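Participant: Below is one structure. I have some questions about it.
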Amino acid sequence: MTVTSATGTNRIVRPRRVVRSGEGKWAWLLVGVVAAVLLIWEAAVSWLQLVPAAFLPPPTEIIAAFVRLLGEPEFWQAFVYSMQNLLIGLALAIVVGVVVGLAVGWSPVLRFTVAPFLWLLYSTPKVALAPLFILILGLGNESKIALVFLLAVFPIILNTMEGAVAVSPSLVSAGRVFGVNGVYLGWKVIFPATLPYSLSGIQRGAALGFTGEVLGEFLGGTGGLGHLLEFAAYQFMMAEAIALVIVMVIIANLTLWLISTLRRRLAPWYDDRKIVGAS
Amino acid sequence: MTTTIEPAEDEASVSSLISVRDLTVSYDVARTGKKLVAIEGVDLDVREGEFVTVLGPSGCGKTTFMNVIAGLVKPTSGQVLVAGEPVTGPGPDRAVVFQDYALLPWRTVFDNVKFGLEMQKALKGSGWRDRVQEAIELVGLSGFEHSYPRELSGGMQQRVGLARAIVAEPRILLMDEPLGAVDALTREVMRAEIEKLIAATGKTVLFITHSIEEAILLGDRIVVFKSHPGAIKEVIETGLARPRSERSIQSDPRFLELRDHLWDALQGEATAAAVSK
Ligand SMILES: Nc1ncnc2c1ncn2[C@@H]1O[C@H](COP(=O)(O)OP(=O)(O)OP(=O)(O)O)[C@@H](O)[C@H]1O
Ligand SMILES: [Mg+2]
């Protein structure tokens, strides 16, 4: 006994991302503006000498420094050092953040007792604690990892918490009707329903964590991109310093892009425009 | 031929599979701090294998009533017994088709239907795949196994919810407007399928609907709810022979009589509800 539905023979076409026809034009405009700014900058420094090149090196010099940097093993050592700390700190923050966020979001008791403190801590400028961390944990990796963790964990906790609160009660009812209880309810219903929120928190956390890593290296460190940057600035090698900043911008944006791609992959059912404060 | 609509006999016997005793449910409305009485003093006995349809104006407490039987909402007072045991929570003997579908958006149609028997022993064997596939075919969604709910129309999603409820073959099916979002043609086919399925398996069904025709066509008995507060207005035995086809029944005098009666009953309710607002 089969029923042929009215639509049974049609295949569903998955919605594709709409490419607006004007978008290409705007991209070209952006490229044009950037090119114009670089050209004016080059002209002002190299040809008109309005600004001393020692303070503001021209774009060509920065590009040369950038290329030189990529050829230096010292740079790659610093890169690995920074990324390692970032990844360890972020991994810890993700595990702790998701678990704590789910628990606090799901338990009304915890939500009313713990959540206000989490919001308070979130809005506290934790960067101010950086010197303290370095004093206590030393100049090595530990202080950087701790700083990454501290900065990354709060957005992850708070977003996961918000997600857990927003889980549709009817999904929970469906779980209960079909015998999904306790840990299983958490694993099969609450966690997947919260995942898009968690990923949004992780995205924010990663950006803040990277700031923490660089800051830690800057304030007192023996390695990493922040340390290199501090060294370059101290030596008054402005082109190198700016090239390093550009590297950091690239890393930060790649991380954001990676996580938002991940979010689209892992949670395609979720329209990310619905997430408040997604960045 | 009798021309009067007799109330169905209230047989409060031990043989009833579901018995609802003086059930009252009130909700605490956090915003106003008041209590909202959703249903009050409801009594109903449902025999094993009976198909009971529930009709009533919007907001009269039909979903609330069903949720108590499902074990999702606790009675404020009164009691619900299923097979003689008081209901303390959901159980594998009862499955629900939700009014708002309640599908898991991260699961495909196949995996959503599988959710219906996931926590049961049934999944340990190997036959469960066939059972899931059968349920999907039954609701006419073959070919959509790998689609996600967001890619389906409302009516199709509702049919996924139906497949999920029947896949584990529960003793009692609680259906909250399961054909509400389905187009007229599909609804007619699905209605016939539900009737056939129930006849073949002897399931006990509580079926909420807004459609008077549907209530008559499917029900052995029709429970009419009234609102403010929600309560049973009357219970009517349809007394129509099965199988019933929508076409042939249209001219059946008993059908017409029932339909007119229900129209009047509901219209009175709807007017009362509108006036009280
Ligand atoms: N969780 C809840 N908290 C507070 N009030 C509720 C809750 N659920 C339902 N109600 C209220 O109880 C009453 C009955 O609701 P219910 O959903 O049972 O009606 P219904 O008959 O199923 O309506 P419809 O036909 O529109 O689905 C309504 O007034 C509703 O506002
Ligand atoms: Mg309802």
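Cβ atoms here come from the backbone N, Cα and C positions, even for glycine.
Annotations in TrEMBL come from automatic prediction, not curation.
According to TrEMBL, the protein has these features:
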{"type": "DOMAIN", "residues": "A:79-257", "note": "domain 'ABC transmembrane type-1'"}
{"type": "TRANSMEM", "residues": "A:26-44", "note": "transmembrane segment"}
{"type": "TRANSMEM", "residues": "A:50-71", "note": "transmembrane segment"}
{"type": "TRANSMEM", "residues": "A:83-105", "note": "transmembrane segment"}
{"type": "TRANSMEM", "residues": "A:117-139", "note": "transmembrane segment"}
{"type": "TRANSMEM", "residues": "A:146-167", "note": "transmembrane segment"}
{"type": "TRANSMEM", "residues": "A:236-259", "note": "transmembrane segment"}
Participant: Looking at the stretches A:26-44, A:83-105, A:117-139, A:146-167, A:236-259, which one shares the most CB pairs under 8 Å with the transmembrane segment (A:50-71)?
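Facilitator: Answer is A:236-259, with the largest number of Cβ pairs below 8 Å.
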Participant: Checking distant contacts: for the transmembrane segment (A:26-44), what same-chain residues at least six beyond its ends satisfy Cβ-Cβ under 8 A?
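Facilitator: Distant contacts of the transmembrane segment (A:26-44): 50-51, 56, 58-60.
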Participant: What same-chain residues lie close to the transmembrane segment (A:117-139): Cβ under 8 Å, and 6 or more beyond its ends?
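Facilitator: Non-local partners: 104, 146-147, 150-151, 154-155, 157-158, 161, 211-212, 215-216, 219-222.
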